[in-house]
Amino acid sequence: MKLLTTICRLKLEKMYSKTNTSSTIFEKARHGTEKISTARSEGHHITFSRWKACTAIGGRCKNLCDDSEFRISYCSRPTTRCCVTECDPTDPNNWIPKDSVGTQEWYPKDSRH
């Protein structure tokens, strides 16, 4: 199977809904100061790389997002944004297999299956 490099907006929303019971990477970053102060009092240090988090979900850190991209969070500083490409659901290159049910069927990345 071809390695896919595009992540769709609805796919990310689906991923978020599956993980909303626990903190996502960006929620953890937002609440990082509370965790760091607690960790320091215990002698532990938490490091978080927004750039690594952005690239881990297929995004790119840059100053401005293109028209075909949307911003998720900031990268290393407030002027640098994590931009993720919004894919075209009609493009078969943006489809993923329904491997979770053990079939060979394919469906668009951004569908609600």
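From the backbone N, Cα and C atoms, a Cβ is placed for every residue, glycine too.
Since we're looking at a predicted model, the values are computed, not measured.
The recorded disulfide partner of Cys75, taken from Swiss-Prot and restricted to Cys61, Cys87, is Cys61. The record in Swiss-Prot pairs Cys83 in a disulfide bond with Cys65, which is drawn from Cys54, Cys65.
Record source Swiss-Prot places Cys82 in a disulfide bond whose other cysteine, from Cys8, Cys54, is Cys54. The C-beta environment of Cys54 (disulfide bond), restricted to residues of the same chain at least 6 apart in sequence and closer than 8 Å, consists of Arg60, Cys61, Ile72, Ser73, Cys75, Cys82. Neighbour counts of Cβ atoms within 10 Å were compared for the disulfide-bonded residues Cys61, Cys65, Cys75, and the top value is held by Cys75. Fewest Cβ neighbours within 10 Å among the disulfide-bonded residues Cys82, Cys83: that distinction goes to Cys83.
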